[in-house]
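Written out below as structure tokens is the structure these notes cover.
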Amino acid sequence: MSKIKVIIAGFKGRMGSTAVNMVLEQTDFDLVGLLDPFTTKIEAFGAPVFNVKEDLKGLAADVWIDFTQPSVAFENTKFALEHGFRPVIGTTGFTEEQIAELTEISCLKKLGGLIAPNFALGAVLLMQFSKSAAKYFPDVEIIELHHDKKKDAPSGTAVKTAELIAENRKSHKQGAPDELETLAGARGADVDGMRIHSVRLPGLVAHQEVIFGSVGEGLTLRHDSYDRVSFMTGVALAVREVMEVNELKYGLEHFLDL
Ligand code: NAP
């Protein structure tokens with residue numbers, strides 16, 4: 001069986017470098033290209049290094065893993081699809097419209113792919129459990145906690161969790177009807193009446209609590225990624241799965257038997 005040829009964009013970053021180790025460890029993956037805008041190296045880990053994505057045109061590769069930054073992720077994913085690379089995108093910050101546009105391109109090109117705001121299996125389960133709980137606990141607040149270098153807020157996972165909850169929760173404003181913020185932002189971001197709070201502190205990796213409240217009882221669901229290696233089981237799974245489908249998916253749950 002031929003190996004899956006992989007490109008990694010953002011290979012020097014916290015997530016990208018963890019992905020490099022994962023790809024090198026898999027016997028059925030082959031690292032064939034690396035992208036970073038500022039590196040002066042021409043080769044690393046046995047693969048050629050590129051500074052601009054346009055130079056990757058024509059490279060014999062199957063999958064484009066992306067852990068870069070929100071400002072370039074959309075253009076990178078579009079480029080990957082337009083040049084025949086199946087995207088496995090961990091970079092966060094996509095809008096609904098961007099995901100819709102990329103899905104349309106993938107369908108036209110008949111190329112599989114995945115955008116996943118969280119590749120940790122436990123985080124995907126937390127999102128699914130939250131969606132189920134929302135049927136019976138419509139009042140909920142999300143607290144996401146990340147390291148202090150994270151560029152976007154709220155996290156893609158928190159937004160995705162809120163979207164899944166919204167599928168089972170009737171839209172309504174939570175808290176007192178005459179609630180007044182005496183300090184702006186005290187109640188967090190408002191998504192359909194539920195609140196998202198973003199914590200940024202050194203020492204953290206990626207964590208999320210979903211707190212449901214009801215009459216006389218509460219339910220708290222929590223997931224912790226203590227190490228970036230926690231995301232790699234999902235990335236490896238996605239690299240194999242995108243080879244089997246002809247459309248871009250949003251969320252790792254599409255490739256899990258839940
Ligand atoms: P990071 O350490 O800042 O790494 C990003 C890397 O991308 C940096 O090395 C950066 O280079 C490079 N880069 C910037 N622009 C680029 C471009 N145009 N082409 C190629 N590389 C480029 O960030 P991180 O902590 O690894 O996080 C990366 C992304 O993954 C973030 O969006 C984060 O939210 C997301 N994330 C997702 C998951 C998930 O499970 N889906 C989990 C954790 C994090 P410079 O530093 O030189 O600019």
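These residue numbers are counts, starting from 1, taken along the chain as shown.
Cβ coordinates come from backbone N, Cα and C, glycine included.
Record check, TrEMBL: NAD(+) site residues include G10, F11, K12, G13, R14, M15, G90, T91, T92, A116, P117, N118, F119, and the candidate from D36, D62, D139 also listed there is D36. Geometry remark: R14 (NAD(+) binding site) versus H146 (active site, proton donor/acceptor), CA distance 13 Å. The recorded positions near ligand 1, defined by a Cβ under 6 Å from one of its atoms, are K12, N118, chosen from K12, N118, H146.
For T157 ((S)-2,3,4,5-tetrahydrodipicolinate binding site), the same-chain residues lying six or more positions away in sequence with a CB closer than 8 A to its CB are T92, P117, N118, A123, M127, E144, A206, Q208.
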